[in-house]
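Novice: This is the structure, below, for whatever I ask next.
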Amino acid sequence: MTQIAHPDSILIIDFGSQVTQLIARRIREAGVYCEIHPFQNAAEAFEKLQPKGVIFSGGPASVTAEGSPRAPQAVFDSKVPILGICYGQQTLCTQLGGVVEGGHAAEFGRADIDIKKASPLFEGFWEQGKSYPVWMSHGDRVTKLPEGFEVIATSENAPFAIAADEKRHYYTTMFHPEVVHTPDGGKLLSNFVHKIVGLKSDWTMAAYRAEMIRKIREQVGTGRVLCALSGGVDSSVAAILIHEAIGDQLTCVYVDHGLMRLGESEQVVGMFRDHYNIPLVHVDAADLFLGELSGVSDPEVKRKTIGRLFIEVFEAEAAKIAADGKGAPKFLAQGTLYPDVIESVSFSGGPSVTIKSHHNVGGLPERMNMQLVEPLRELFKDEVRALGRELGLPESFIGRHPFPGPGLAIRCPGAITREKLDILRKADAIYLDEIRKAGLYDTIWQAFAVLLPVQTVGVMGDYRTYDFVCALRAVTSVDGMTADFYPYDMNFLGRAATRIINEVRGINRVVYDVTSKPPGTIEWE
């Protein structure tokens, strides 16, 4: 496992808040390394990480309930600065002798706090005697502060909206500074890590690149590494970073399942072979995948079929590479990101409903008995893009919209055929071309065309047509967890629809999807 030591870091103890990852994002944006660990293993994480400061997250539990989560005593014994947020405020105060009660007026949504006393927590942007908007989400509240604490700010239903023991560097907020609805929340978190904890902004992708190259060389030695290349940003950045570290000890395998966008496979193969000179095995498996998918209309069966075939094809190619006389690869590279790591050790540890199966190479390590090389496992998606820029990847590649592993198979509801895929590729290319011409590509999180399993009557010239319906989808989002449809003007939609109908044989009607997530998902399948 490829990991870096971080002497100057922040530990975030997760008590189950749905927005804990946003705390980490804000801290990273401030140039400071941090890790999230669930409260169940926080003591072990604290001892291992040796952080310079700790943040207690919010959470759904009530501090007044028997057996509700607590922070490890070792954190208090260490005397490092602490910031408690919402539930984090309540458990910190409870554990230090304060009182928390339920049944008072709750606050959910926007609230205004009144600053009663100056504090380094908001030095430079909030002033004593003034009010500022924040985002609250609490039912319980602190009714008695621990010894040594004083009120810094209040709100209508939170007498201790901010409370602190500045001598011990303990700070608490009843509101959530990590969410965008608290306009100055990012500055507050930055002040905590810089002015209170005293850390510098030394978490950069340049430093990460140099240290990760050293760690990869240390882990791999003279061994060979295989990388399953999808053509997406994550696996591409991982491959280029590993190649920079160990050169031709890396071999990439690109399995072309025949479900990519127009010209995409050629672009990926050309970039890796010609521009980066990375050893690449290009497997044209379109006939295999499309043959197995013939007549399959259930989206879950599609996803699982694609995942199974990918593993089978990759294993076969790995066996060929192992027999080339240069030694069998002992390492498997994956583009695992930090959110994947967090979710694998979730706060609750309980089951969750599977909305859609995720197509990835998760089944490969156990089956192939290989050690993992995961150079991105400490990074969020935006940091991966920043690392890609640091490595010199073109912006046109780094800024590409997300594309699902099963490819166009899930943008073609119902049974797929080569003819349908060709129609969809052309429509999708025209749609994205119009988006780029309008200067909207970087504004939109994700945009794509969907070919519906529905045919409608149309008229072209003097002839009746009976062709497919194409749906256009475009959403704005921060992280893909929630999304809103993009509000195009009608002139744009008219241009895109006209081009698609005129230039793509097989489509005679175009519609626009105005569903947000939730209740819908971004992809149609």
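Every residue, even glycine, has its Cβ placed from backbone N, Cα and C.
What Swiss-Prot records for this protein is below:
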ACT_SITE  Cys86  active site, nucleophile
ACT_SITE  His176  active site
ACT_SITE  Glu178  active site
BINDING   Ser230, Gly231, Gly232, Val233, Asp234, Ser235, Ser236  ATP binding site
DOMAIN    9-202  domain 'Glutamine amidotransferase type-1'
DOMAIN    203-400  domain 'GMPS ATP-PPase'
Novice: Give the three-state DSSP assignment (helix, strand or coil) for Gly231 (ATP binding site).
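Specialist: It is coil.
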Novice: Which of these recorded positions has the least crowded Cβ, counting other Cβ atoms within 10 Å: Cys86, Val233?
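Specialist: Taking Cys86, Val233 as the recorded positions, the minimal 10 Å Cβ count falls on Val233.
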Novice: Using all protein chains shown, find which of the binding-site residues Ser230, Ser235, Ser236 scores highest when you count other CB atoms within 10 A of its CB.
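Specialist: Result of the Cβ crowding comparison: Ser236.
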Novice: Suppose you look only at the domain 'Glutamine amidotransferase type-1' (9-202); what would the mean pLDDT be?
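Specialist: Summing pLDDT over the domain 'Glutamine amidotransferase type-1' (9-202) and dividing by its length gives 92.
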Novice: About how far apart, in whole Å, are the alpha carbons (Cα) of Cys86 (active site, nucleophile) and His176 (active site)?
Specialist: 7
Novice: Can you tell me whether DSSP puts the residue listed as 'active site, nucleophile' in helix, strand or coil?
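Specialist: It is coil.
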Novice: Sort out the sequence-distant neighbours of Glu178 (active site) for me: same chain, 6+ apart, CB within less than 8 Å of its CB, listed by position.
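Specialist: The answer is Val19, Leu22, Ile23, Arg25, Arg26, Ile85, Gly185, Leu189.
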Novice: Long-range neighbours only, meaning 6 or more apart in sequence with Cβ under 8 Å: which ones does Asp234 (ATP binding site) have?
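Specialist: The list for Asp234 (ATP binding site) reads Gly335, Leu337, Leu376, Lys381, Val384, given in order along the sequence.
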